[in-house]
Amino acid sequence: MADYSLFTSESVSEGHPDKVADQISDAILDAILKDDPDARVAVETMVKTGMVIVAGEVRTETYVDIEELVRNVVTDIGYNNGDLGFDGESVAVLNAIGKQSPDIAVGVDETEEHEMGAGDQGLMFGYATNETPVLMPAPIYYSHMLVKRQAELRKNGTLPWLRPDAKSQVTMRYDSEGQVQSVDAVVLSTQHDPEISQEQLQKDILEHVIKPVLPEQWLHDDTQYHINPTGIFVIGGPVGDCGLTGRKIIVDTYGGMARHGGGAFSGKDPSKVDRSAAYAGRYVAKNVVAAGLADKCEIQVSYAIGVAEPTSISINTFETGKIADEKIVELVREHFDLRPKGLISMLDLKRPIYQKTAAYGHFGREDEEFTWERTDKADALRAAAGL
């Protein structure tokens, strides 16, 4: 049975101020990992009119030109014109990055006497469902696709009046078995040049963004379309709103369809289980569903700082499991190494792959870098389950 007959998720574009901050934090992380894979990085970013502030704790042997990096990220996103009130050439960059506390390193670093421990305590969730081909919930998957499409049409010049900031929201209607029946409502708000009329904007967004993305069979006469429902959206990005790293944790994950442990991802190296264990949780859940062990799977894993073994592993298949949830936990322990060192190795996480994750969701994207989206354990899980 479905928990909801209607379910809504939202996404935001790469030009949204919070996502600008996430991308800067992850660009700094990537630049450090490129030359120092064992670096410890925790970088937060704040963006506002004419200003970028980066702060945090880093331990590394390499050097990164933070100011140049920040300017390049801001420009590449599309803030490259003074008319936008925020652009890569003129923005002020304040750097308040310091050294990581040695007290943390004592518990986390691997030595001959001590196995690598978790970078902090905490709880993380992973989730998968068979309602889309990439095993993601449909509302968040299509919300991401809408704002990604907006950015593509902005950058390739198809709709040259588009500006970088945008938000989407999709409401899906489910039947009693939990299967998607239709799209009930779509919201898309996009920043734009002042010259475009609202009538033309709404026509172009419907024709070029919404309808090419959403499956035609899910659209119907009663589907609601709210395109820039407040009217003018000329002022946006960091001029319109202050942006902070880690403010879009539901957009980054499952759109509210699954629970969240509260830890953000961007700017954190893989020793931080907030990030790496959440990626591993997605890997586990996706393989469980791909193996046919369940139609839906949510895993919770928890850690203590400085301790290698998870303090708990729990599975919930929402009564869709083909075998008992307790048996799936046993299979997870057998087939997945969820210790920090093990999951970093399993997913090859000491690579400069993170800036790409910082917009349009960390999950449900099957690019080569997204190793946690592989389903290479599905056959072994299916065989071990006797299915």
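Placement of Cβ uses the backbone N, Cα and C atoms for every residue, glycine included.
According to TrEMBL, the feature ATP binding site maps to His16, Asp165, Ala166, Lys167, Asp241, Arg247, Lys248, Ala264, Lys268. DSSP gives His16 (ATP binding site) a coil state; it is part of no helix or strand.
Look at TrEMBL and you will find Asp18 tagged as Mg(2+) binding site. The Cβ neighbour count for Asp18 (Mg(2+) binding site), using a 10 Å radius over every protein chain in view, is 22.
According to TrEMBL, the feature K(+) binding site maps to Glu44. With a 10 A radius on its CB, Glu44 (K(+) binding site) counts 21 other CB atoms from all the protein chains.
Residues or ranges marked as L-methionine binding site by TrEMBL: Glu57, Gln100, Asp241, Lys272. The local packing around Gln100 (L-methionine binding site), expressed as other Cβ atoms within 10 Å of its Cβ over all shown chains, amounts to 19. The DSSP secondary structure for Gln100 (L-methionine binding site) is coil.
Taken from TrEMBL, the feature domain 'S-adenosylmethionine synthetase N-terminal' covers 6-102. When averaged over the domain 'S-adenosylmethionine synthetase N-terminal' (6-102), pLDDT in the model lands at 96.
Among the features that TrEMBL reports, domain 'S-adenosylmethionine synthetase C-terminal' is placed at 235-374.
As annotated by TrEMBL, region 'Flexible loop' applies to 100-110.
Here Lys268 (ATP binding site) comes close to Leu29, Val41, Ala42, Asp274, Arg275: these same-chain residues lie at least six apart in sequence, with C-beta atoms under 8 angstroms from its C-beta. In this structure, of the binding-site residues His16, Lys272, the smallest number of CB atoms within 10 A of the CB marks Lys272. For Gln100 (L-methionine binding site), the nearest of the binding-site residues by C-alpha distance turns out to be Glu44; the candidates were His16, Asp18, Glu44, Lys248. Comparing C-alpha positions, Lys248 (ATP binding site) sits nearest to Asp18 among the binding-site residues Asp18, Glu44, Glu57, Lys272.
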